[in-house]
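A.B. asks: Before I ask anything, here is the structure I am working with.
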Number of protein chains: 2
Amino acid sequence: MEAATDEPDVDELMEQFHDYLSKKQLKSTRQRDIIARRFFSTGGHLSIEELLVLAREENPRIGYATVYRTLKLLTECGLAAQRRFGEGQAIYETAGDTEHHDHLICIECDFVLEFANDEIERLQDQVARSFGFNLVRHKLELYGLCPKARGIKGGSCPREEDEARGDRVGLT
Amino acid sequence: MEAATDEPDVDELMEQFHDYLSKKQLKSTRQRDIIARRFFSTGGHLSIEELLVLAREENPRIGYATVYRTLKLLTECGLAAQRRFGEGQAIYETAGDTEHHDHLICIECDFVLEFANDEIERLQDQVARSFGFNLVRHKLELYGLCPKARGIKGGSCPREEDEARGDRVGLT
DNA sequence: CTAACTGCAAACATTTTGCAACCTC
DNA sequence: GAGGTTGCAAAATGTTTGCAGTTAG
C-alpha cells in the first residue's frame, strides 16, 4: 500500500519494444523511437494528443496516426495500456512487467495517484473464484478529494506544482 | 459477496425521475417515459443504441438524440451512470440509491456479473484515507474467464441463454 | 400560450484507414 | 530492393447541437 515509483528504466523498456518489433518482423523507425521513449519517460498517463505534442518537440513532422499506431503496438506488446477515466479521449499508461497498480483520482483537481494493495488484490481474486471465474486482470479506480482539495493545510494535491511533468493529470 | 439482484422497482424509479423533472421545471413526455421505463426495466448495462432499439419497439419515431438527452437527464439526477468498459461506445447502468456494486466481466463472452463485497469497499476506503483522500466513489472491474468460457461442464456463462435480456452483456 | 421537447441533419470529437512517397532491413 | 512506415486527408465512430415544428403544463 505505497505509492508506486514511476520512472522505470526507459532504456530497458525501449529494448523490450525493439525486441517485440523484431520478433514480429516490424521495423524500428525514428518516429517510433521518439514516441515510445517520450511515452516511457513520462511514466504514462498521457493522451494521444499530449504525447503528440511531446513527440513533435523532437520531430514536428510526426502525425497523429503514427502516435495512434505506435501506441497500439505498445499496447499489443504489453508495454502500454489504454484507459478511459472519464469522458473524451483515452489515456495511455505504461504497463511494463512491473507490478500492477490501481488509481486514486482527485475529482477536484484530476490529480492521479497510483497505488498497489495486495490485500485488495487477494480479495478480488477470491471474489472472482467464488463466481467460478478465472481472474485475468482488473481495473480499480478510487475517486475522491485529495488533501489540498479538501482544504487541509500542508495537503499536497500536486496539481499546481506537478502539472508540468512527473505524476500526471488524467483528465486535463 | 453475492450477486446483486437487479430488477428494482421500476415504478419507484419512474417516480423519482418525474420528481426530478418537475423540480427542474422540465416536462414529462411520452418519449422520456418510454426510454426511462425501458432503461429501468432492463436493470441497466445498455448502450445508447441498444436502448434506442428497445424504445423504438414502443415508438419507432424516437430518435438518437432523445435517447442521449434522456440518459443525460437520468445521469444528472443520479438514476443512471455512464460507464466505459472497453472500447467504443459508453454503457449506461441504473444507479439508483440502491447499494453499490462492482463488475465481473468475462473476457471471452462479455458477460457482466454484478457483485458487492464489503471487505473490498472497506479496504478501498482505508487506502484512500492513507493518502489523505476522502473517497467519494469508485469503480472496480474484474476481467476474467467465466466457468463456461473455461470449458467447465455445468458452467454457466450466460451468453447464449441470457443474451436477449436479463443480465446484460457489456461490450457486444 | 409559452417554454420545453422532438426528430432530423449537420456539427463535433476521437480514432481508424487508404494511399503515395519514404525509410529500414 | 522489398516490404513495412509515414503523413496526410478522408472515412468511420460515437456524441452533441441547431432549428423548425410539436407538445406538456
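All residue numbers here begin at 1 and follow the chain in the order shown.
Any Cβ shown, glycine's included, is placed from N, Cα and C.
Predicted automatically and left uncurated, TrEMBL annotations should be read as such.
Grabbed the feature section from TrEMBL, which reads as follows:
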BINDING   B:His100, B:Asp102, B:Glu121, B:His138  Fe cation binding site
BINDING   B:Cys106, B:Cys109, B:Cys146  Zn(2+) binding site
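Map the listed features onto the structure and describe their local environment.
C.D. replies: There are 15 other Cβ atoms within 10 Å of the Cβ belonging to B:Glu121 (Fe cation binding site).
DSSP gives B:Cys106 (Zn(2+) binding site) a strand state.
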A.B. asks: Could you tell me which three-state DSSP class B:His138 (Fe cation binding site) falls into?
C.D. replies: strand
A.B. asks: For B:His100 (Fe cation binding site), which residues in the same chain are close in space, meaning a Cβ under 8 Å from its Cβ, but six or more apart along the sequence?
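C.D. replies: When sequence neighbours closer than 6 are ignored, B:His100 (Fe cation binding site) has B:Ala116, B:Glu121, B:Arg137 within Cβ distance under 8 Å.
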A.B. asks: Near chain A: which of the binding-site residues B:His100, B:Cys109, B:Glu121, B:Cys146 have their Cβ closer than 8 Å to one of its Cβ atoms?
C.D. replies: B:Cys146
A.B. asks: With H, G and I counted as helix, E and B as strand and the rest as coil, say where DSSP puts B:Cys146 (Zn(2+) binding site).
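C.D. replies: In the DSSP reduction, B:Cys146 (Zn(2+) binding site) maps to coil.
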A.B. asks: Determine, using Cα-Cα distances only, which of these binding-site residues is closest to B:His138 (Fe cation binding site): B:Cys106, B:Cys109, B:Cys146.
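C.D. replies: That would be B:Cys106, the closest of B:Cys106, B:Cys109, B:Cys146 to B:His138 (Fe cation binding site).
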